[in-house]
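**Student:** Quick one: the structure is below, questions incoming.
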Amino acid sequence: MARILVLYYSSYGHIAKMADAIAEGVREAGHEADIRCVPETAPPEVVKAAGFQRNEEHPEVDGPNALPEYDGIIVGSPTRFGRMCSQMASFWDTCGGLYASGALIGKVGAAFTSSNTQHGGQEVTLFSTITNLFHMGMTVVGLDYGFTGQNGVDEVKGGAPYGATTIAGMDGSRIPSHSEIDGAKYLGARVARTAAKLAD
Ligand SMILES: Cc1cc2nc3c(=O)[nH]c(=O)nc-3n(C[C@H](O)[C@H](O)[C@H](O)COP(=O)(O)O)c2cc1C
């Protein structure tokens, strides 16, 4: 059985909901999933003014040294100015020791994101996330086209070959659609199955 970490940051709950769906996909595939968020780094006055809210059901990650316990790590960040949020980047910037020791080499990685607009930078965010995973020596998997829910233009839909996504809408009121939740579950299952196959 593979152990998968779903590691995320979320200000308004969209990425937190996608994290739940990814973990569900891992578990439905018969594997183990933990959900952890990275620490808030924005000043308290910004957190208050912007209405950032933390999902208390998901504990904070116990530092970089918690990561090597897992066979796979699926990383979620909202899109911020077309790239990964600073909270998540800041966490990875504390992982130099893991890089130096090669502790994540050969583990499986994947990414997911959310943005307000359909073309607000999701693919760049996914790439700015998986870049970190490649540097750590991880084997990165995407949301392959076996997930057919990402095809078609019949409705607004997230999802890209580079990872699972959702679109929050300009006022953040849109919740992840059925198709986006299915994409998140698919990604979780794909990472877990791949990690189980690659485990030494
Ligand atoms: C500082 C900041 C920058 C943002 N930049 C973008 C952006 O470049 N493109 C976009 O579509 N949405 C942008 N957004 C909206 C976020 O992507 C959106 O709030 C997020 O996807 C919601 O996810 P969450 O509920 O998990 O926080 C930005 C939001 C903030 C606070």
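Every residue number used here counts from 1 along the chain in the order it is shown.
Cβ atoms are placed via backbone N, Cα and C, with glycine included.
Straight from TrEMBL, here's the annotation block:
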- 4-191: domain 'Flavodoxin-like' (DOMAIN)
- Ser10, Ser11, Tyr12, Gly13, His14, Ile15, Thr79, Arg80, Phe81, His135: FMN binding site (BINDING)
- Tyr12: NAD(+) binding site (BINDING)
**Student:** Counting only residues 6+ apart in the same chain, whose Cβ is under 8 Å from the Cβ of Thr79 (FMN binding site)?
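**Tutor:** In sequence order, the residues whose Cβ lies under 8 Å from that of Thr79 (FMN binding site) (at least 6 apart) are Cys85, Thr113, Ser114, Ser115, Asn116, Gly120, Gly121, Gln122, Val124, Thr125.
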**Student:** Tell me the Cβ contacts of His14 (FMN binding site) under 8 Å, same chain only and six or more apart in sequence, or just say none.
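**Tutor:** Correct list: Pro78, Ser114, Thr166, Ala168, Gly172, Ile175, Pro176.
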**Student:** Max Cα distance spanning Ser10, Ser11, Tyr12, Gly13, His14, Ile15, Thr79, Arg80, Phe81, His135 (FMN binders), Å?
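**Tutor:** Value for the max Cα separation, rounded to a whole number: 29 Å.
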**Student:** Considering the binding-site residues Tyr12, Phe81, which residue's Cβ sits among the greatest number of other Cβ atoms within 10 Å?
**Tutor:** Tyr12
**Student:** Which residues of the same chain, at least 6 positions away in sequence, have a Cβ lying under 8 Å from the Cβ of Ser10 (FMN binding site)?
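**Tutor:** Correct list: Ala16, Ala19, Cys37, Arg54, Asn55, Gly76, Pro78, Ser114.
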**Student:** I'm checking region-level scores; what's the whole-number mean pLDDT for the domain 'Flavodoxin-like' (4-191)?
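**Tutor:** Averaged over the domain 'Flavodoxin-like' (4-191), per-residue pLDDT gives 98.
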